[in-house]
Structures are given as C-alpha cells and as structure tokens.
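*Asks:* Before I ask anything, here is the structure I am working with.
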Amino acid sequence: TFKYIYYAHDITYFCPFTGALRGTVMVTNYRLFFKSMDRPAFMLDMPLGVVSRVEKIGNASTRGDVSYGVVCKDMRNLRFAHKQLEETIKKSIFEVLMKFAFPVSNGLQIFAFEYGQVFPENGWKVYDPIAEYKRQGIPNESWRITKVNDHFELCDTYPSTLVVPVNIPDEELKRVAAFRAKGRIPVLSWIHPESQATVTRCSQPMVGVNGKRSKEDEKYLQAIMDANAQSHKLFIFDARPSVNAAANKMKGGGYESEDAYQNAELVFLDIHNIHVMRESLRKLKDVVYPNIEDSHWLSNLESTHWLEHIKLILAGALRIADKVESGKTSVVVHCSDGWDRTAQLTSLSMLMLDGFYRTIRGFEVLLEKEWLSFGHRFQLRIGHGDKNHTDADRSPVFIQFIDCVWQLTRQFPAAFEFNEYFLVTILEHLYSCLFGTFLCNSEQQRLKERTVSLWSYINSQLEEFTNPMYVNYSNQVLFPVVSLRHLELWVGYYIRWNPRMKPQEPIHQRHKELLAKRAELQKRVDELQREVTNRSVSSSSERPSSPTRSITPVQTFV
Amino acid sequence: MFSGKPVKATFKCYLPPAQTDVKTSPIEPPIKLEPRFLPGEIIVNEANFVRKCISPDNGQDDLWGRLICTNFKVSFIPQEPPPKQKAQLSHLLLGQHDISLTCLEQVVTVNDTRGKRKVLGSNKKLKFNPAELILYCKDLRVIRFCFDEAGPESAKKVCLAIAHYSHPADLHLLFGFEYQGLRYHEYKANPVNGSDPKGGTQIPFFDRPSDWDREIKRTGASEWRVCSINEEYVISHSLPEYIVVPVSLTDQEVKQYSTSFSDGRVALWCWNHRNGSALVRMAGLKDPLAQKKPVEKILTAITKSHRQRQEVILSDLDKSLPNIQDIQSAFVKARQICTLDPFEESEERWLSAIENSRWLEYIRMFLKHSAEVVYNLEGRNVSVVLLEEEDRDLNCVVSSLVQLMLDPHYRSLNGFQSLVQKEWVMAGHRFLDRCNHLKKNDNKESPLFTLFLDCVWQMTNQYPAAFEFTEAYLTVLSDSMWIPLFSTFLFNSSKQCNDLLQEFAKNKAIPQDENHTVFFPPVWNWSQQFSSRDQTLFNNPMYVGKGAACVQNGEVKTFQRTKKAFSSTMRIPSTSHRNGVRAEEEHFHRRGSLVSELKADFSPVKDESPSERFFRDWFSRPADQQGLLIPLVLPSHVVLWKLFFLRWVPEACIPHGGPATVYHKVSQLVDEIETLQSKLRQYKGASPRGTPVPSSSGPPKDQTRMYFKATSPGDSPASPDILNSSFPFSPVGNLCRRSVQGTPISKFLNGAKTWLSTETLSNDTF
C-alpha cells in the first residue's frame, strides 16, 4: 500500500543536533525517509501526517542552493537543502511535500484509507457502548439507554447510544437539546458502583444575555440529582474561567444560574480555552526544541504556563472525582461545547475513579467513549492533511489530556497497566494518519470499516505497551497531588528528538529481567520437585514434606 | 479510634477510616505514654497542657501533651497515643515527636498579643510569655507548639531551656559524650545485653595502614605506597595518620614538601584507575607567591607513578565551583521554599523559585565537573589532582563523586560507607563547623555533605539499578548528621576526634584502647538507630551487584539498557515496512561529500570537543551497571530530591502513590526470587548425587533482605495503604493547611470564592 513518489540524491538535512548531513530523500504516500551514509549513519523516518507547514527559506545560500523548512506538529522542525534544480530532478522536494503532506487540501486521500495491514485483532471492536454501560450496571432503576440519537437526529456530534435518566422520555430530551449548545444534552459518562453518584457531561445552556430558562432542562438536572439517593445536591462543574463563561452569554450561551437550578451548585474550574493552550504549547516548543538552554530552564518552562494548565485540568478532574467518591454527589460537567475541556475532565476523573480505565483495554475504551464517540473534533483540532496551519481551530487539547495521564502514571507508577511508550505511541498516531482512529470529528463521520484502528496494532503486541510493575488494585481511587511540586515536564515526549535525552526505562527493564529470573527459578524448582517426587515414589511411599509452591506469584504481566 | 471519638477522615487517609480496622485489631487499652530516656539523659525543663499544632484552621487534629526539654532532645508526649503508624520507619533513639537538640536550626517564639516573633539563642531573655513555639529543624521539619492552656511561666521556661540547650558552649557538652561514656561502662558491666558498638560493621575506617593497603591492592595502584610520616599528626593536623603517596617519594621528601602546603596537606591519593591514572587531592600552597617547586616535585612523582608516565592534570575547584557560602545560601533558599507555610504560597512561582535558589544548578555543576574529571581519568588516561585551597570541602564532594562514577565497589552499601569514611571523615572534612553543631559560627556552616548526598541521589535516580542502597538510606544518613551520638559527623578531623576522645576517656575512666571508635561508635553500625527489619529499607531491590548474576539459561544474561527509543523511526509492523521501503533502499548510494563545505555555512552545531565526543559515545552505548556511570547533567534531568525536601509536608504527600509503590512491588518480586533460590539450595543439599542443579550464584543467605515479603497463598495481597510518597517517613503529625483534600488549588479559583466556603463545609460533613 506504500506508493513510491519521489526520491532524490544530494539532499542536505540540517540536523540541529549533529549538523548538516548529506544523503538521499525518499517520499512515499505515507512517509518521508532521509538516509545519510555519513558516519555515523543516520536515518530519518517521518510520517507525512506530522507535517504542519512547509516553507522555502529564502536567504538560504549564496551558492544557489534551495532550502526548505518543515514545521512539524510533533515538537520538531526539519530543514533540508539541495542544489538548484537540475534537469534530472523534475520536482523539488518542496512541491512534493506541499502536495502529499496535505492530501485533504489537494483532493487526495488520507493514507489511512489505503493502509491495508491486517492484524489478528480488530481494534474497532474494542469499544461496545452497550457492553461498557452494562459493566457500569446500566441500565438500572434510575438510568436507561436511549436510542433517540440512533440516526444522529438529536445531536450529530454525539454517539448513537446515550444514557439518560429513566423518567425523562425521549420527547423531552429533544426539548432539553434545544436549550443546550449544539444539542449536547447532559448524558451519563460514569456511575459510581456503590453510591450511584454519576458523572454526566453536556454543553453550556443557551442562557444568553436575557437569562433564558428551560423548564425541561431544569427538570432534567433535577432528575440527574434524584437518581442519586445519597445526596441532595448536584454539582455543576463549568470548566471555563467565570469570565469566559459570562462572556459566552453574548453569544447566546452562558451557565446555569443557581436560582433556576435548585440544589445545584456551580463551580468554575478556570481552565483556559483552546487558543490559550495552543499558544502555551508553541512557547513550550520554543523552549525545548532543538536544545534546552543550560540556564533558566525552570523559569523558561514556567513562562510557557504549560504545567500550570496541566495543573488546572488535573485539579478540576480531582475535584470531580472527590465530589463523586468522597461527597457521594453527582456532578454535571460542561464547558462551552462540551467536547474539549469537558472530555479532558470527565475522562481524567473516570481514570481516577475506576481502575478498569487504567488497564490497556480499559484506556482504549475510555478514549473511544469520552473522546471519539462524544465528538472531540480531532480533524479540526489536529488538521489532518490540511495545509491551513494557521487555522484557529487547531489546539493540543488531546495532547494535554495524555500529558495529564502521564502525570498520573508518574505519581502512581504501579497503578496503570500501560507504560510510557503506550502514551507516546498514541500521540505519534494522533498525527501519523496511518490508522483511522483519530480521523474525523465525530462518530457520525467516522468511517471505521475503511480504516484500521490503532488498537488493532497495539493489541496485537501488548507486551510492548505493558507496565511490568502494574498491580491491579482495582478498587483504589487515585487522588493525585495536584501541585507543581509533583508535576513535571514530560521529557520523554516533548524532548524526545534530542539525542541527549536518552529515553530510559531502566526500572521497567530491570523488572522484566527479574520476572524472567523468577520464571526460570520457578521452572527449576518445579523440575526438581518432580524429580524428588518421582524418586521418592520409586524408592519409598514417603511424600516430600514441602509443597510444590508455597508462594503465589505477585500479580504480573510479562 | 482509640479514645472512642467519632471516626473522622483525615487528609492522610482519604476515605473515611475503615470501621473494620477497629473490629479486627484487638482493642488495646490506651497506653499512657511515658517519656523514654537514654542513659545519661535528664529532664531540664517541661511544660504540661501543650498543644502540638497540626491543623491550624480548626485545631481538631491537634495533639495535647507534655513538652519536655532534656539534655538530648525536645520531646513531646501526647496525652492520647495516636493510632499506630504501620510501616513507618521507627527510630530506636528518638520517638515520632522527638527532635534532637542538635537538629534544631532555629527556635522561635511568638508573642501572644501582637504575634511578634523572636528568635531565641543561648542565654537570651524573653520579655513576653510565648503563645507559640516554632521549631525549625535541620532535617526540614517545622514544628509548632501552642501554649494557650499551659502555664505561662512554664511555657517561657521550657522555651528558654530549649534555646539554651540547643546552643552548647562546648563540644564536650554534646550529649554523645555523656551517652557513650555511660554506654561503655554499661556494656562492660553487662556485655551480654549491651550490643557491641562496633559489631557488625566491616567498614574500613582508614585509620590504619592495612585499610589503605587493601585499597591500593584493590585498585591495582602498584606505584603508590602507604606512608606513615603523619603519625601523631606531625606534618598535618587534618590529614589522616596514614596517607598514600607515590613510591618515588621518600618519607623525608613528603615531610619536606608538606611544609609548603596549607596545613601541611601534601597530595593525598584517593583512587587508581586500572589504566594507571590516579585521582589525587591536594591543598593550595601556604604562600601562593612562594616557589612552585614542591608542587612540581609532587606532580613529577605522580607522573612517575603512572604506568605510561602520563602528564598530570590539575583541576582547580575553587575556580570552577561555587564556594561554601554560595552553597549554604542556595540550600537555605531551597529549604525555605520547600517548607514555606502555607503551602499554596510557594505554588504559584514554584519553578522559578527553585531555580532562583540555585541549588539544582550547583548540583549540576558538581556532577558536571566530576564527569569531566572522569573523562580525564578514563578517556584520556591521565592522572588528575583536585586542587582546593584547604582540600577539605569541595574536594570531598568531587573526589567521592568521581569514584562513585568510576568504581562500582563504592555503589555497594559497604563500599559507599567506606568512601564517606575515606574522602570525608579521614580526609578531614570539618563536619563540626559545616554542620554548625555548636551554633557558634554561622559563616562556617555549609551543607557540603547534603549536597554530596543529593548528587548521589541524582545518580541513583538516573541509574536505579546501579546502587545497592535506596534513597531512604541516603535520607536517613543525612538525618544522622543531626544526632550527636556518632563520631562520624561530630569532628573537624581525625586528630580532633582522637584528642577529644582521649580527654574524654580520661574523664570517664575508660581505658585507652587501640580502637577508640569502640566507645564512640560511627554511624555505620545502623543497629544503634534502627531495627534489623527497618534496616532492610536500605536495600535496593533493583540493585545489580556483583552477586546478583542474572538468569543463566534464560533469555536475560546481563542487565543492559536497551536502546529501544521512542525514536523518529515509527515502529509499524515490520511487514508493512518491507512492502514499501526496503526495496528502494538498495538504490541509495552517495557521491562526493559536500558536507564539509556546507557545514561552515549552515551548521548550527559547533565542533565537538574531545570530552563531548567521549560523553556522546558513552551515552550512545547501553550502560553497564557494574561499569562506568556518567550522570546526565542537563537541567531537565537534574531534579528536586522530593523525599528529602518534601517528606514532612503533608500537602505534598501522594496517598497510595510515589516511588514507594514501585519499591513495594519490586521488593516482593525479589523476595520471591530469593525464596526460590533458597529452595533450590535445599534441594541441592538434599540430593547430593547428580541432580541437575546449576550452582547458585550466591544470593545472600539472609532471608530477610527485603522489607516487603512476597505474599503467601493465605495472605490477602499486601495493602498499599501504608504507601505514600513520603514512605518510609510520615508527614502525619506535622502542620498541614490543606483547604481542599489533596488540592491546594484555592489560589487558582479566584473566580469562585463562593464555592470555597461550601466546599469546606461539605468536607466536614463526613
């Protein structure tokens, strides 16, 4: 399925770490491949999907060389140069990249639709909403599964399967939808197995400057509260800073007034919008790429505010988890549209609350559910194959989420079944356009059968992605310390291009080794045990006194 | 729980305390806690009805009790014993609420009416009756007592007593002398019950020629010899009595040259590389303008002692590293940031505050400089002389770091302890002055040893399988500096130690022994401080030592860092690789290179120096845990040592999380492996004839090496409840201002002031 497109000699790649390298460039419909025979041999292999922008660098040379910069979405920039066009080179690398790195802008197909790799498992089957809700104990006496959105008529950015309070009929859901931005009504994300406190998600209410109210919406939130007998309160977590929420009234949106919603308490979580986050990551890239400066590292990092944003998101999720777990109170989470900050908050709080999501398959389910099916606009936020790199809709919302997950794995290194490489791999394929998982904006748009799921690839080599230190304390709720004392920059992702940053997982490595050693010893003990048993059986009827295995292995995943 | 009060959630235990706990554990009658005293310890002053502040907002968690000042410690005896702390490191000499007087950094009283603070020194007057006493400790604890119910006079008296007794006028008055003297006689009278103070430690003290000889042999330093010219400290008061010098120097020459050096500190051999290069430390000349001849003579001798007669490199640490005052002020700043109260205050500008302290910057400088020395010894095969004016501070740090990087022996527990003994204690690091035990001269105070321990921690953090000991060990070692019972950290030099101990022996009627340390033991006999079970917390389960050979027939042979990088090469299934790319690769070929031309114009990369190339080469290969180890000194890889700096801060404690969870898991696994190995040995013993048992690689016979044991079938899986990021220490009992459980975020929620009040209320409902 790879098509050879372009190849040229005498290309110079300016590696920011080792200097200029001369070699050959090859471009396929999937990747750019640079190979240098200089010592030491060097290879660069990059999916075209990571290209954000390609530009000619004007003042490159006095000798008539042509120079190009490639700005990537994954925290690096590349620079190439070659001699002025010769007869033999029909097209410049610039033109090739401009065309094939941006298939959507050029009327071409994204590579995922051509990628025909067959894996033993079909990753699209990982998430079955009915099965997941059943795992949570849904339907029950308070919550039902509705098919009102089967054909995406209620809300075209929601999945077809939704869970709503039992006593709200489908007809009323439509009137609630009219009061919520983009029709994204409050629906259940997670229910506490004991207290029945729930995490529900939605978009902002269409209150507007005049303070419009909706009886149906008020009744609906009351129904959510009533579904939990443990508490006579409902917490509404508005992810935005209160100023932003208020400003949304000018556009017809806004937030729930506590007068209209009896027994509800509104909390603003002060998380900033997609534009602020984009700017923060841009600054971070400046600080970490290509080299980090020896002095002022921490204050430079501080000036990007990246970790502060991470902190606020985690803090919000922690408060949601705390309300649900410790307060036994149901919560409603929303931001403006309910597909960016809301997805971050619900999925992170669910990760804290429910050990299932901390397994590899559970995490896949979590992503499929809270991000993909509930319409996080991946196409818009990443801009797959789109050359319009200045698009204001692009934003690293999902990267931030994965960063938050990484922070949790740092604080609870034994609580997650997956390792750092799993998270890095997810982010690599966020851009690569090899798999269909992160294409499109919603479940309605997603053409699953025509692409391969990332989970097909991951689940067919689970060992690569498994944390050998994982201990399944499934009932443990994780309450991270959300303080800059414990938040760190994810060096293994943001600075991974720097060859001085050796990725080290020595603990994991050592642990795997110990596991192998244990297996070996266990085998030998078993063999000897058998031998002794055989011998004693043959020589006398006496039985050996020590049992074969006096120890049960620590739960491990090799 | 014990007093029958309603069970209440605390921040430590997030969920309401499980009622089952009460049912399953037999209800113990409340124990009246009595103060525990060591031999020779006497009460100086005390106050009753004192409140130890734990939660300043409502005071609910505060403890009431007796505050006692003895000649050894400040002790707080709570009226009701707190629920037992499971799996918390318990100190044999100090209780949970005790602080040794030597550990007090500052004693501060707060005035009742105006909240005026006063720092108390020795023999100070106090014009007001203190409402509060705040103890700032050297181990970074901050402890507050309130006197609202205590008699004002007794409160005042106890405060003054604490201030006075924490400023001893003379070294003799440190409690250790009293204690060890009595202990000696006790031990002599009843040797069965008393433990041998030196028992168990096999650490060379480097106070006798044989210790040095062994070290010469071990490192293959055949061109070096032990010289006893400094016996009775005739040439130098701060050098050990036995030093190692080039064989080409006669005793007389050593004596002659030594007069030119500061305190007679002629070159002191530290270590030899197998390639012949030596690490040597040396003081500056007494008179910098004097003839350089003695230095030249010594350098020539060092050159002669190199197998290849290689040149010698002088590394002047005074010129390239921060001085002791810089280090002190960096540490004070870092400590302030980490103990700042309230917690949120330092949160907003945490990163830049840490940077501004310069502590991490200094750590990097020391690591980097040491790595450069390593490059010279290993990469260039030249001997290095570390030069420092007095050769008693910076040289200690750098020489020991260099040896840790080069020699795996020092990464074992015993090796590490002998390294400290050799490069710090015997080399004459002024522990008395740098620790400021007498609080007499603040200018001389400097946390050089703490800096060193932090550097070591950075290396253990980067190479978690290379060191036999844990970070808990390093932390406990740093805490031991503040307990005045061990000879290790009390003196400025071995001479001072000897002199004082002789005097002391005379006073205490202790017969002179050839081994004075017997009655004033070093810190290395850890059973003085901890039970043998607690000492297992020092053992790093991940350590790949010489004894820890890997599977012989299995896949894993040696421990190597895999080069499995999250690299630019996306790893997609290999089949698809073949489909697309491989065929074309064959066509790749190259023509004449333009790179050299282009480099001048374009390359942003400066030419690599030989040392940079050496480091790059080293980092591009998998690290051998039993070989050379070079730390990464990038600012992104030198980080705050959280256990050391944050362990007492309840707000920073991650419940059920932190590195302890990994430690727990790996310890269990290793314990299981050791059990299997011992079983194999049993089989081998039981079946002498021809069973196919390969010889065991010699794991320790001691079955209790790991703190956490593998679970046996009957047990429920070990509860992680005891684990948190402060483990094995506990921040419980320290002041905690956490407004929202686990989340110091009120600062960030200015837009939602109304929320805060209700949140706090709702937290109180269960």
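Keep in mind that glycine also has a Cβ here, set from the backbone N, Cα and C atoms.
Pulled the feature table from TrEMBL, pasting it below:
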- A:123-494: domain 'Myotubularin phosphatase' (DOMAIN)
- A:ASN248, A:LYS249, A:MET250, A:LYS251, A:ASN273, A:ILE274, A:CYS335, A:SER336, A:ASP337, A:GLY338, A:TRP339, A:ASP340, A:ARG341: substrate binding site (BINDING)
- A:304-351: domain 'Tyrosine specific protein phosphatases' (DOMAIN)
- A:CYS335: active site, phosphocysteine intermediate (ACT_SITE)
- A:528-558: region 'Disordered' (REGION)
- A:534-558: compositional bias 'Low complexity' (COMPBIAS)
*Asks:* With DSSP as the yardstick, break the domain 'Tyrosine specific protein phosphatases' (A:304-351) down into helix, strand and coil residue counts.
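*Replies:* Summed by class, the stretch gives 32 helix, 5 strand, 11 coil.
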*Asks:* When neighbour density is defined as the number of other C-beta atoms within 10 angstroms of a residue's C-beta, which of the binding-site residues A:MET250, A:CYS335 has the lowest density?
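*Replies:* So among A:MET250, A:CYS335, the binding-site residues given, the one with the fewest Cβ atoms within 10 Å is A:MET250.
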*Asks:* If you count the other Cβ atoms within 10 Å of each Cβ, which of the binding-site residues A:ASN248, A:ASN273, A:ASP337, A:TRP339, A:ARG341 comes out on top?
*Replies:* A:ARG341
*Asks:* DSSP secondary structure for A:ASN273 (substrate binding site), reduced to helix/strand/coil, please.
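*Replies:* Note: A:ASN273 (substrate binding site) is coil by DSSP, not helix or strand.
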*Asks:* Can you work out the mean pLDDT of the predicted model over the domain 'Tyrosine specific protein phosphatases' (A:304-351)?
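*Replies:* Overall, the domain 'Tyrosine specific protein phosphatases' (A:304-351) comes to a mean pLDDT of 96.
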*Asks:* Give the three-state DSSP assignment (helix, strand or coil) for A:ASN248 (substrate binding site).
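*Replies:* Helix, per DSSP.
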*Asks:* What whole-number distance in angstrom separates the two most remote CA atoms of the substrate-binding residues A:ASN248, A:LYS249, A:MET250, A:LYS251, A:ASN273, A:ILE274, A:CYS335, A:SER336, A:ASP337, A:GLY338, A:TRP339, A:ASP340, A:ARG341?
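*Replies:* Overall maximum Cα spacing for these binding residues reaches 21 Å.
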